[in-house]
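Going by TrEMBL, these are the annotated features:
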TRANSMEM  84-102  transmembrane segment
TRANSMEM  151-171  transmembrane segment
TRANSMEM  186-206  transmembrane segment
TRANSMEM  218-236  transmembrane segment
TRANSMEM  256-274  transmembrane segment
TRANSMEM  286-306  transmembrane segment
TRANSMEM  341-363  transmembrane segment
Amino acid sequence: MHNPSLTVPCLCLQFLKISSHEKMKWVGVAFVDPPSTRSLFCNYPCFEKTPGRKAPVVPGQWISNLEPVLQICRLEKEDDSFQAPYWTYLLCALGLFIYQSLDAIDGKQARRTNSCSPLGELFDHGCDSLSTVFMAVGASVAVRLGTHPDWLFFCSFIGMFMFYCAHWQTYVSGVLRFGKVDVTEIQLALVTVFVLSTFGGAAMWDSTIPILEIKLKIFPVLGVVGGAIFSCSNYFHVILHGGVGKNGSTIAGTSVLSPGLHIGIIIILAIMIYKKSATNVFEKHPCLYTLMFGCVFAKVSQKLVIAHMTKSELYLQDTVFFGPGLLFLDQYFNNFVDEYIVLWIAMVISSFDMMMYFSALCLQISRHLHLNIFKTSYHEAPEQVQVLPSKSHQNNMD
């Protein structure tokens, strides 16, 4: 039987039939994102100064990821004692803040110009998935977690896992839920880390606290662990209590646990290759290793978003797994080819597969809906966002 997940045109045909009339539902308000704060921030100066025909999230994505990439490239060429210049951390903080600002006003910009569309939602989630990978790596470099490979691995991959779980619960419940501690709070915490590394230097995190006799870098790690436990408990509370489909299934009528196979394969392969590597490929090239798996994660996350929007099954087979599979097979055959070479081959395959999928998907949707990908228009468009009031808000209304 033909698998539509392996072919973009077949997936798009199903997507175009359903998602054109699909409204995104969301509930909950983050701690630093109440309506009053959002209105003040979006109205001036960011929102009012945004050109009417520009999509803010696209330049924000480039600005956000440029500095971490430069920082990563420099780090990959140096040893463990390398410290990036202070201005790289400062630009990371500015880039992330600009991206967060433009991402926050992107939806309001679409409603102002009557250009809300499924393509905008795909771009938003796709940019967020890539930003999750780059920012996790950049923040890990900023606090010098490279001296503790296990911590570096955990902090890099737990961000991917939590992002995936957020969309997993949406696929189960049909509603995008925002917690009190969500993406905005995490990004502001990362901005704080970058600013501290700018003025205190990355070596600051290697300092030992006299009374506690622990290094300062343990506090960001503990924050990540605490946030992961808090967020994942909320995610799995929704997932394990049944979905909105028949007999407690997902919106596509599938098992609520079925999306876990995809992220499970990514995490298991990453751990196995990391721990069984004879050449310590992760310890020597942590950024390249994480970015390779990040490309796999980004495509799988986007497939989950599309499955939610189309109310369709999420298929397991995907060509993006070829990259990690090569590393696994190379280890199985006792490193027949140098692992560093195989890692670069896997990176090229995974990134190319991800970009081809994203490009083909966006081009076909934009052609069907007669949209410009990088500019907005002023034609009439139906409202795409439906806000579900929280319980506390409903009580106040009563």
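Cβ atoms here come from the backbone N, Cα and C positions, even for glycine.
What you see is a predicted model, and the numbers here were worked out from it, not measured in a lab.
By the count of Cβ pairs under 8 Å, the stretch nearest in packing to the transmembrane segment (256-274) among 84-102, 151-171, 186-206, 286-306, 341-363 is 151-171. Across 151-171, 186-206, 218-236, 341-363, stretch 186-206 shows the highest tally of CB pairs under 8 A with the transmembrane segment (84-102). If one looks beyond the transmembrane segment (151-171) by at least 6 residues along the same chain, the residues whose Cβ comes under 8 Å of a Cβ in the stretch are 125, 128-129, 132-133, 135-137, 139-140, 145, 177, 217, 220-221, 224, 227-228, 231-232, 235-236, 238-239, 243, 250-252, 259-260, 262-263, 266-267, 270-271, 274, 282, 286, 290, 293-294, 297, 300-301, 304-305, 307-308, 314.
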